[in-house]
Structures are given as structure tokens and as C-alpha cells.
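Engineer: Provided herewith is a single structure, encoded as C-alpha cells, for subsequent inquiry.
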Number of protein chains: 2
Amino acid sequence: MARPKAIAVVSGGLDSVTLAHLLHAQGYQLHLLSFDYGQRHRKELFFAERCAQRLEAAFSLLDLRQLGQHFKGSALTDESVAVPDGHYAAANMAITVVPNRNAIMLAIAYGIAVAEEAEVVAFAAHAGDHFIYPDCRPAFIEAFGAMERLAVEGHGHPRLHLEAPFAHLKKEQIVSLGAALGVPFVETWSCYKGGEKHCGTCGTCNERKEAFQLAGIPDPTDYLQ
Amino acid sequence: MARPKAIAVVSGGLDSVTLAHLLHAQGYQLHLLSFDYGQRHRKELFFAERCAQRLEAAFSLLDLRQLGQHFKGSALTDESVAVPDGHYAAANMAITVVPNRNAIMLAIAYGIAVAEEAEVVAFAAHAGDHFIYPDCRPAFIEAFGAMERLAVEGHGHPRLHLEAPFAHLKKEQIVSLGAALGVPFVETWSCYKGGEKHCGTCGTCNERKEAFQLAGIPDPTDYLQ
């Protein structure tokens, strides 16, 4: 019998790479989707592709840069806006929101899932995202799944559904899980600044450092500071 | 006071061009979005842009052709699959479904609506679409709006919402409305075959002819047969 298929949105960050390893361990045949929306930290995409190679998964890099041009004013896509330092959960991180990013990426993932008769669309929203990204909250995840059941009814695999297995996990729990699954964390990227090394001072770098500390797992990341 | 802003998904077909004229008549400042997903009938996009010029609206053509390559097996995007002749509501039209098309286009429209502080995202699903397109049904429209309220909460215009004013209208009612609004129907495109003239035999051509007949409005379309 053919293995069931899963479409996973993978940025190349710690969370989504761990998600891909989790799905792989669960026996899914994987198709990883990454999105280039003009993000400053597009370096992460390299690690998404590496993850696909490692797991012998299909990989598609979808080019939404034209769309990114419409999202002026976000520090993630607008070169004229600086990435703020500080804590990930702080209000100043709101500037890093790309409007409606998850709905856009998940809708595209569902289109591909229907075309490829996949059973699962998965993404790696986690509990720490809820402070600043409304489209990472459990209520959004549930509403999105409900919308898609209606949108694709009668098409694709009858079991097609949305999974967000980290929706209620803190990042340190994802680090613990990733360590148990043998995820090579050094082949994941978090820093929003997208330089040669992780800066060590932006919101996501702080969140990454803290997660390894709280999980009691050695952090293999080479930070600038 | 600045006019409220609306983002409308406009294909260049009769329904969506009438939608744009309706929103314009209601006083909205318009941004029309068209999508090139590799559809065979991309000729329609020319009429979307003409509509924007006529209404002095902003116009964006979003290139999703890379995505269209993933949608093999649909007659709308796959050159090797013939567009079926017959009635629009018939089962053989299901082959023209591009999976999850409306969710993808509307999610992108919402992202732009947040960035531009628009109050409305609008699209032209109508009652005749319900037979074959699950993502045109009122239940989908309601679920999509509910999902987006959660996805963008705290971002964009507080009044941002989804409108589908034709969701319960038959196509002949849209023709009547368009005539009342002065829509130049000859500058709209329906035929899925996308040739020099409307073929007059495919599902959408039959639907178009019938709508003018039922509305009692002269059909200005130059059909091949």
C-alpha cells in the first residue's frame, strides 16, 4: 500500500523542520512547500531544501515575491524598516507580521494537496506565536480547517485535513521533541536579520536561545553575540 | 473624508466586471486583483485591466503560473485536457475546477486588504456556480469570512470583511444588474477556450447566452457559433 501523503509548509526554521521530521517519522510521504515572499531572512529557505533532501521529500519553492511588494511596512519584507531587537513576545515584534501569511500559504498548500491527493496539510504554528500572530492561534487553525472542508468538498482525498501538532506546545517542547527525533538543529535558521550567522539579539534569536536553555538541550547555534 | 477602499477579485468575466461596477457605483475606491494561474482563457485578464482603466481603479495582475503547474489534470490549466462542451452545470464541467482557487485568491486579497487598510474584500461567486464549485457556496463564503476575522484580528481596517453580493443571484440577475449599471458587456470574457471569439459551445458560453436570453437583454457577444 502506498504511504499516505502530507503537504507541509516548511520555512527552514527550527519549528517547521522539526515538524517535517515528525511527519516523516510517522510514515508520511512528504512534499515540503517553502515560500519566498521577499523576506529578508530568505537564508532559511536553504535549510528547508536541505531538510527535504535529508528526508527524501519532494520540495517546492513557491515564489510570492511579487506579492511581498504589496506588503510594505513589515520589517520582514521592507528593507527600509529595521528588524527590532528584544523579546519575541514583545509588542515591537508586531512589525514583523506579514499580513495574512498563514492563510495564504495554507490555501496554496491545500490546492496542491487536492491535486496530489494528500491526506494532510501541516504547519508549525506553536503556542509562543500566539502573542503577536493572530493566524497562529488554535481558533484560527480550527476555522481554517473548517473553511477548507467546505472549499474542497468532493475533491481530493476524502481524509484531507489540517494538522498543527505544535499549536499547544511551547518552543522548548519543540526543541525536546526535535532532539528526540534527531533533528540536526544546526541546519535550521531562525534569525530574522538573515546575516552570515544568527545575530543573537533579535526577537527570534532570543526565543531560540531561551528554548534550548529551558529544554536543557545544548544549543549548537553559532551566534554573533 | 477619504472614500472607503475595496479589494475586488476580478477575472474579466461578466460577473466580476459587473461586481467592480457595482462597488464603484457604491462609492468605493477600488483595487482590482486578477490572477494569472496559467489558465487557457487568460484573454479574460485583458478585460479585467480594461475594467480597471474604465473605473480609474488600481489594478494588480498576480502571477501564480508557477502554482498552476502543480494543478495538472484541470482543463483550465492543463493543455493536454480538452475543455468540454455542454451545459455549465453538468458533471463534465467538474474537470474545469482549479483546486482551492477561491481560497487562494481571497487569502491573497485579504493580505493586500490588510496592508492597504481596505474595508472590503469582494468576489463574484454566484448561485449558478454552486453546482460544481464547492468554493462558491454561501457556506464556504461564510466560513472564509469567519476564518479571516480570526486571521487578521488586530490588523488592518477594523471593518474589513468579505462581500459576495451575487452569492444568491442567478446569472441572468447579474446581467440585469450589469445592464442597469451600464456595464459594457462586450468588454467581458467568458469562454474557457480563450480563442479569438467566444466559441459559443463550451459550458461558460452556453451559460452566458442563456443568461442574456433569460434577462431579456440583447447579447452583444460575437460568438463563433
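Backbone N, Cα and C atoms are what each Cβ position is placed from, and that goes for glycine too.
Quick caveat, the model's predicted, so the values are computed rather than measured.
So TrEMBL says this about it:
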BINDING   B:Val10, B:Ser11, B:Gly12, B:Gly13, B:Leu14, B:Asp15, B:Ser16, B:Val17, B:Thr18, B:Leu19, B:Ala20  ATP binding site
BINDING   B:Cys191, B:Cys199, B:Cys202, B:Cys205  Zn(2+) binding site
Engineer: Looking only at C-alpha atoms, tell me how far B:Cys205 (Zn(2+) binding site) is from B:Val10 (ATP binding site), rounded to the nearest Å.
Structural biologist: 18
Engineer: A 10 Å Cβ contact count, applied to the binding-site residues B:Cys199, B:Cys202: which residue has the minimum?
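Structural biologist: Minimum Cβ neighbour count within 10 Å, taken over the binding-site residues B:Cys199, B:Cys202, occurs at B:Cys199.
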Engineer: Would you list the other residues of this chain near ATP - those whose C-beta lies within 8 angstroms of the C-beta centroid of B:Val10, B:Ser11, B:Gly12, B:Gly13, B:Leu14, B:Asp15, B:Ser16, B:Val17, B:Thr18, B:Leu19, B:Ala20 - in sequence order?
Structural biologist: B:Ala48, B:Cys51, B:Ala124, B:Thr188
Engineer: Looking only at B:Val10, B:Leu14, B:Ala20, B:Cys191, B:Cys205, which of these binding-site residues has the biggest number of Cβ atoms within 10 Å around its Cβ?
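Structural biologist: The most densely surrounded of these binding-site residues is B:Val10.
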Engineer: Taking 10 A as the limit, how many CB atoms besides its own sit near the CB of B:Ser16 (ATP binding site)?
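Structural biologist: There are 27 such Cβ atoms around B:Ser16 (ATP binding site).
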Engineer: In Å, rounded, how far does the Cα of B:Leu14 (ATP binding site) sit from the Cα of B:Cys191 (Zn(2+) binding site)?
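Structural biologist: Cα to Cα, B:Leu14 (ATP binding site) and B:Cys191 (Zn(2+) binding site) are separated by 11 Å.
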Engineer: Roughly how many angstrom lie between the C-alpha atoms of B:Ala20 (ATP binding site) and B:Cys202 (Zn(2+) binding site)?
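Structural biologist: On Cα coordinates alone, these residues lie 25 Å apart.
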Engineer: Please name which of the binding-site residues listed here, B:Cys191, B:Cys199, B:Cys202, is nearest in space to B:Thr18 (ATP binding site), Cα against Cα.
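Structural biologist: In terms of Cα distance, B:Thr18 (ATP binding site) lies closest to B:Cys191.
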